[in-house]
Amino acid sequence: MKKLFVAAFAFLMMAGSSSAIDINLNGTKVETDVEPYIVNGRTMVPLSAISKGLESQVEWENISKTATIKKNGKVILVTINNKNALVDGHIMKLDAPAEIKNDRTMVPISFITKALGIDTSWDNESKTVILGDINRYHSAKQIKKAQDEDVKDTDSKQEKDEIKEVNEEKSEHKKINKEQENMTIDNQKEEKQDKKDNEKAKAQK
């Protein structure tokens with residue numbers, strides 16, 4: 001799993017900062033109010049969103065600009081612009097220092113997953129970092145694909161029905177127009193005949 005993780009971030013380094021990256025945790029997309037981005041080949045993610053997904057507790061100390069993450073007895077301290085973090089009192093180096101963007105603490109995803117011991121892999125097709133159970137991710141992906149296909153089929157059927165309805169309306173309009181045209185011709189013929197009859201009657205007088 002670590003090899004997959006290394007390969008994933010090797011790809012991200014080549015992909016560049018313009019690549020849109022999703023994060024999925026145990027089959028559920030992690031919603032973030034600040035999108036992940038890449039700095040010096042490292043994917044930065046909002047600590048609050050990741051911690052919420054992992055059901056860990058986050059505390060913020062404004063004076064020292066330090067975030068404290070607590071989960072299952074593990075305590076992690078991350079300080080803004082510092083490449084050294086503390087994990088249960090031991091120094092752990094970050095690939096890139098934590099930073100603030102749009103009032104959110106951003107940390108390298110490689111650090112937070114390693115510090116919390118989370119399995120990580122990469123789906124190149126959807127440009128998604130997969131955290132936790134990869135089987136649940138693929139199951140959720142297949143379900144979504146099936147749902148999208150159902151929606152597509154429904155939309156296609158609805159479109160065909162709408163086209164059919166429009167064609168039927170056009171056909172009905174043509175029929176009505178034809179009937180009206182025939183009635184007009186008949187009326188004109190009757191008027192012509194009446195005129196002839198009147199002229200004939202006058203001549204006989």
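From the backbone N, Cα and C atoms, a Cβ is placed for every residue, glycine too.
Because TrEMBL annotations are produced automatically, they should be read as predictions rather than curated entries.
Since we're looking at a predicted model, the values are computed, not measured.
Straight from TrEMBL, the features:
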- 145-205: compositional bias 'Basic and acidic residues' (COMPBIAS)
- 25-131: domain 'Copper amine oxidase-like N-terminal' (DOMAIN)
- 142-205: region 'Disordered' (REGION)
- 1-20: signal peptide (SIGNAL)
>> Across the domain 'Copper amine oxidase-like N-terminal' (25-131), what does the mean pLDDT come to, as a whole number?
In response: 91
> What are the helix, strand and coil residue counts for the domain 'Copper amine oxidase-like N-terminal' (25-131) according to DSSP?
Replying inline: 15 helix, 54 strand, 38 coil
